[in-house]
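Asks: Please read through the structure below; I'll follow up with questions.
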Amino acid sequence: MFHAAMVPRVRKRSRPAEASVPRHDEVKFEDVRLYLVERKMGSSRRSFLTQLARSKGFIVDNVLSDMVTHVVSEDCQASSLWTWLKDCALKNLSNIQVLDISWFTESMREGRPVAVETRHLIQDTLPTEGPPPTPVAAVSQYACQRRTTIENNNKIFTDAFEVLAESYEFSELEGPCLAFRRAASVLKSLPMAVPCLAATQGLPCLGEHTKAVMEEILRYGRAFEVEKTLSDERYQTLKLFTSVFGVGPKTAEKWYRRGLRSFSDILAEPSIQLNQMQQSGFLHYEDISRAVSKAEARALGNIIDEAVHAITPDGILALTGGFRRGKEFGHDVDFIVTTPELGMETSLIPIIINRLTRQGILLYCDYQASTFDKSKLPCHRFEAMDHFAKCFLILRLEGSQVEGGLNSAEGDSRDWRAVRVDLVSPPMDRYAFALLGWTGSRQFERDLRRFARMERGMLLDNHALYDKTKKEFLAATTERDIFAHLGLEYIEPWQRNA
Ligand code: CTP
Ligand code: MN
Ligand code: MN
């Protein structure tokens, strides 16, 4: 009935969605992809609004596809619109915001996509029976019982929470810091953007404070407390100082108290003795504060792989950290290197370091020999370093080794860049624990340990899993074994971006 009339003039699959990306206007909002429904709007008004949005840096597709994030309609007849949408055979309609033209008008006025509020939504009216489709009861308070991909539908909230968490961390207020980190983590796991405060009902880890921040963001697109923090001199300075490799919050605070505010202040202060790590941090600041790409991570993997296999043919190399979780970019690249012969693994890293030195690509190395002692298991203080042999490196990466080239700054004409690399070398019988512990995310690890302790009476760290009731260690050769011991469903690495 409505279908024929509602099908837009440009039909599905008649040409690829990419073809409709604006060619001349600069895209400012990569994460937003609009589709304007022609019905009621009419084709000439639709093309006028399309031009307008593109000139303001929005992506507007002519074809409705799974890549579209915002559908805008002038037709407030929700039922017919939704009937048509459901007929479009999209993979996941719940990823798309279906919005009234008022959202579009406001966004054009502001020159940016305004936060979606309830009044903007054209809600599906059809399924009247049953409760509204809220994710509620299903969401666990533990990140290790949630599946969190790199796709974050609530970045507008989680970015704000992370600013506040970091600010509390700088003030050593662990409670509120953790509260905001947990809240951010819960929102990251949701399959859609939170459209209004009512939709957070029943979600764990969202308290008064976090909800107040969310409400402001929903209403005004920003939160006062976050804006205030971002413009705070202390926050800005500590953020700047801790962005240097080798500078933690304690050192940053000390420098701030001395009245130092910039890198040149620090470097000009004669009474400050930078350690080796900090000196390299400043020396390579531009490079290592730049994100490492997947292609660069792969190139570094090849270099380390060659080194490991030159030492022993049955050497084992595994990518871990953020890149194992499927991230496109990282602040470093993390690897596990080991060998099947127990005890032999401790000599691997020193030999690798030797080789990198001879190749002339070792720019900095902080090597920490193994202090692993089975009799002292488990060491369950979170964030406490594990006891395996490890090193924190800065390597020189040649552009010629990277498929598609380096992720260098514009105007940088060098054919190399410096990158941070971490290597850790657990004995083979600890491999699964080390892999699980170094894959992260940090929030996922925190909650795994908290879950083990609170729900199972077990202690988990990067070395082992201990059952306090049975007073015994639980062996594991794979990550799946550890999840099974904990009575947890297996969570894939790419679902651990909590
Ligand atoms: N880790 C650890 N012991 C250390 C350093 C790191 O157990 N001494 C773990 C962290 O808990 C984290 C993982 O190793 O889960 C990776 O750490 P890091 O490289 O800092 O973070 P990523 O998640 O890889 O993020 P990024 O992409 O920014 O590097
Ligand atoms: Mn990393
Ligand atoms: Mn790391």
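Cβ atoms here come from the backbone N, Cα and C positions, even for glycine.
Source: prediction; values computed, not measured.
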Asks: In TrEMBL, the residues Asp332, Asp334 are said to bind Mg(2+). Which of Asp232, Asp422, Asp429, Asp447 is said to bind at that same site?
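Replies: It is Asp422, as the record lists it for that site.
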Asks: Determine which residues of the same chain, besides Asp332, Asp334, Asp422, have their CB within 8 A of the center of the CB atoms at the recorded Mg(2+) site, and list them by sequence.
Replies: Thr320, Gly321, Gly330, Val333, Phe335, Phe392, Arg420, Val421, Leu423
Asks: So what sits near Asp332 (Mg(2+) binding site) in its own chain, CB-to-CB under 8 Å and at least six residues off in sequence?
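Replies: Looking at Cβ-Cβ distances below 8 Å from Asp332 (Mg(2+) binding site), excluding near sequence neighbours, one finds Ile288, Val292, Gly321, Val419, Arg420, Val421, Asp422.
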Asks: So what sits near Asp334 (Mg(2+) binding site) in its own chain, CB-to-CB under 8 Å and at least six residues off in sequence?
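Replies: Same-chain residues close to Asp334 (Mg(2+) binding site) (Cβ under 8 Å, separated by 6 or more) are Leu319, Thr320, Gly321, Gly322, Phe323, Arg324, Val421, Asp422, Val424, Trp438.
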